[in-house]
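> One structure coming up, written as structure tokens, with questions to follow.
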Amino acid sequence: MLSLRLPQLFDIHQVPKVFREDGIMSGYRHPRSSALDCILSSFQMTNETVNIWTHFLPTWYFLWRFSMLCTSLDFLTDSYTWPLLVYMLLICLYPFTSSCAHTFSSMSAEARHICYFFDYGALSLYSLGCAITYGSYAMPDCWVNSWLHQHFVTIGVANSLFCTSMSCYSRFVELQFPHKSKILRTAAFIVPFLFDSFPLFYRLLSCCWGSCSPSEALASHSYHLLFAFLTCFLFASHLPERLAPGRFDYIGHSHQLFHVCAVVGTHFQMEAVLTDMASRKDWLMSHSSLPSFPATMGVLVLGILLNLGIIGIFSTGLPRTPRQSTLAHLHQDGAGQVRWLVIQCN
């Protein structure tokens with residue numbers, strides 16, 4: 001291990017366009033990194049290091065919370081807990097997938113796309129988990145057993161497929177039409193978020209109109225929505241690095257802040273779900289049917305299979321570039337400066 005050397009880093013003009021990020025001028029890894037180089041790079045300061053750890057460490061936090069719930073709840077036989085089981089699995093999955101995507105996205109251009117396809121798929125499954133959980137625990141009293149309540153999860157599945165499809169497609173037009181790509185990708189995540197949050201918006205507005213009394217669950221839901229809107233703003237705006245390119249390459253750029261806000265928002269969401277689940281249990285069990293295995297775990301399995309199918313379709317549509325077609329050379333110019341050249345060969 002002592003003989004291992006940390007990978008060399010490059011500036012924005014030294015890497016292919018597909019690897020470049022707006023406002024990030026340095027700290028790029030080799031565009032043909034090995035898997036070992038990618039892992040080693042997570043222990044040196046690159047423009048991806050904080051992205052990796054801001055989702056890898058929260059994965060363990062959510063796993064710890066999940067393990068604590070496993071000791072206090074009966075996930076095997078109590079069907080009332082099955083929506084929570086789906087939700088906890090997915091809030092552990094999405095940050096871990098994101099961390100892996102950021103770790104291994106510099107292995108090749110094709111690998112970069114596939115890594116983020118899986119990242120998008122995990123996020124869309126997380127939106128499906130929110131739909132399952134909100135449909136079971138967070139529905140306003142007057143919406144329980146309504147048409148929307150009965151079809152909430154079905155629409156959530158459709159939103160999940162839309163999210164994965166649209167976000168994966170956005171990568172195909174990213175180089176030619178970057179603004180269009182950003183709009184498509186942002187819309188892909190906003191649509192399921194807004195739909196999943198309709199019950200929360202209604203409950204919060206009802207309290208503002210005096211139709212209900214404030215509760216601990218609604219307070220946590222409010223914090224979650226606040227951080228969700230902040231997450232969306234950071235993702236779409238590329239602030240602060242857009243205002244000062246190069247100054248936030250390693251610490252403080254928008255994607256790092258986006259990760260932090262997303263995780264904090266998920267924490268408040270989890271607390272709100274747990275509070276709703278406990279405080280509304282008796283009322284929900286007497287006014288609606290218990291969650292079924294097909295409507296919870298069955299839907300999760302279906303969502304995973306369908307999203308994997310979409311990812312597979314988009315992955316096979318990627319242009320195939322043989323390894324020998326990209327030759328990377330370091331050479332030394334007359335002034336003694338080492339430069340990085342990426343030569344595209346026919």
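Backbone N, Cα and C atoms are what each Cβ position is placed from, and that goes for glycine too.
TrEMBL lists these features:
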type: BINDING; residues: HIS102, HIS255, HIS259; note: Zn(2+) binding site
type: TRANSMEM; residues: 84-104; note: transmembrane segment
type: TRANSMEM; residues: 116-139; note: transmembrane segment
type: TRANSMEM; residues: 151-172; note: transmembrane segment
type: TRANSMEM; residues: 184-205; note: transmembrane segment
type: TRANSMEM; residues: 217-236; note: transmembrane segment
type: TRANSMEM; residues: 295-314; note: transmembrane segment
> What stretch of 151-172, 184-205, 217-236, 295-314 shows the most Cβ pairs under 8 Å to the transmembrane segment (84-104)?
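So the stretch in question is 295-314.
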> Are there any residues at least 6 positions away along the chain from HIS259 (Zn(2+) binding site) with a Cβ closer than 8 Å to its Cβ? List them or say none.
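Counting only residues 6 or more apart in sequence, the Cβ neighbours of HIS259 (Zn(2+) binding site) under 8 Å are VAL50, ASN51, THR54, HIS55, SER98.
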> For each of the binding-site residues (HIS102, HIS255), count the other CB atoms lying within 10 A of its CB, then report the residue with the highest count.
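That would be HIS102, with the most Cβ atoms nearby.
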> Are there residues at least 6 beyond the ends of the transmembrane segment (217-236) whose Cβ is under 8 Å from a Cβ of it, and what are they?
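Long-range Cβ neighbours of the transmembrane segment (217-236): 138, 182, 186, 189-190, 193, 197, 200, 203-204, 207, 254-255, 257-258, 261-262, 264-266, 268-269, 271-272, 275-276, 279.
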> Other than HIS102, HIS255, HIS259, which residues of the chain come within 8 Å of the Zn(2+) site, judged by Cβ distance to the Cβ centroid of those residues?
GLU48, VAL50, ASN51, ILE52, THR54, HIS55, SER98, GLN256, PHE258
